[in-house]
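Under the heading site 'Transition state stabilizer', TrEMBL lists Arg19, Lys26. Among the features that TrEMBL reports, site 'Positions MEP for the nucleophilic attack' is placed at Arg154, Lys210.
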Amino acid sequence: MNKAISLAAVVPAAGVGSRMGLNHPKQYLKIGDKTILEHTLSKLSQVDTINQIIVAVSDEDGYFENLNLDNLNVTRVSGGKERADSVLNALKSLRSNPPEWVLVHDAARPLVDIADIDNLISSCINAGEGGILACRVKDTIKKGNTHSEHTVPRDQLWQALTPQLFPYQVLLQSLESALEDGALITDEASAMERANQPVQLVCGRSDNIKITTPEDHALACFLMEQQQKSI
Ligand SMILES: Nc1ccn([C@@H]2O[C@H](COP(=O)(O)OP(=O)(O)OP(=O)(O)O)[C@@H](O)[C@H]2O)c(=O)n1
Ligand SMILES: C[C@](O)(CO)[C@H](O)COP(=O)(O)O
């Protein structure tokens, strides 16, 4: 259990899911009886340390209002063109009553383990610096486009996951500055690295997959079934 801290969760959920190839955003695909987004919000709502949940949703999204959020304390804000824009919009919405810390978690990662989230929060709060869930790569990694140029040494390679947890003001400033400069920001850690801020790598489960392509959805359905059996 983490001591009482001021921690807000931000859930970027404004993507179109183009790689999933559907006629609706992938976060509304079902896994069992709930949508991916409902699963993700339900997971975050079970983390005692999280005081509020801000979800960035496209203004054109007609699905969110039909979700069964079981009276979850969730606030909707507008998404943006890219994931980083959606996250920044959500961060700006917190300026009037800023939290100390903010945890950003992809809507598309419903399988996240609550124990991993608690571990990330403990690691960051105890160290006084931000960090991300990550897992070491398990395969041999090749560099190249359609032909292998060479094998990349993998002893220091990690796959970045979410949640990613950082001090709120520092993340807001770092992300705002990065986007103003036109930097390519695909996760919060890259904005923090750009600002020379520390980013801890906290080991997380590799089944915390981001549901991106059709085969990910099939795998997620199996994994969620296994997860629910173990509760
Ligand atoms: N403009 C965007 C783009 C993405 N996301 C969110 O960021 C998370 C990770 O992004 P990704 O997996 O790339 O989702 P999509 O952008 O929807 O997928 P694709 O790139 O295949 O279109 C998702 O929860 C997605 O909803 C967002 O909030 N706003
Ligand atoms: C944030 C992230 O999930 C970490 O791996 C990833 O960068 C999101 O990338 P995407 O292209 O927006 O899915």
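Cβ atoms are placed via backbone N, Cα and C, with glycine included.
DSSP assigns Lys210 (site 'Positions MEP for the nucleophilic attack') to coil in the three-state reduction, outside any helix or strand. Other Cβ atoms within 10 Å of the Cβ of Lys210 (site 'Positions MEP for the nucleophilic attack') number 17 in total over all chains.
Of the recorded sites Arg19, Lys26, Arg154, Lys26 has the largest number of other Cβ atoms within 10 Å of its own Cβ. Lys26 (site 'Transition state stabilizer') sits 11 Å from Lys210 (site 'Positions MEP for the nucleophilic attack'), taking the C-alpha atoms as the reference points.
Between the alpha carbons (Cα) of Arg19 (site 'Transition state stabilizer') and Lys210 (site 'Positions MEP for the nucleophilic attack') lies a span of roughly 12 Å. Between the C-alpha atoms of Arg154 (site 'Positions MEP for the nucleophilic attack') and Lys210 (site 'Positions MEP for the nucleophilic attack'), the distance comes to 21 Å.
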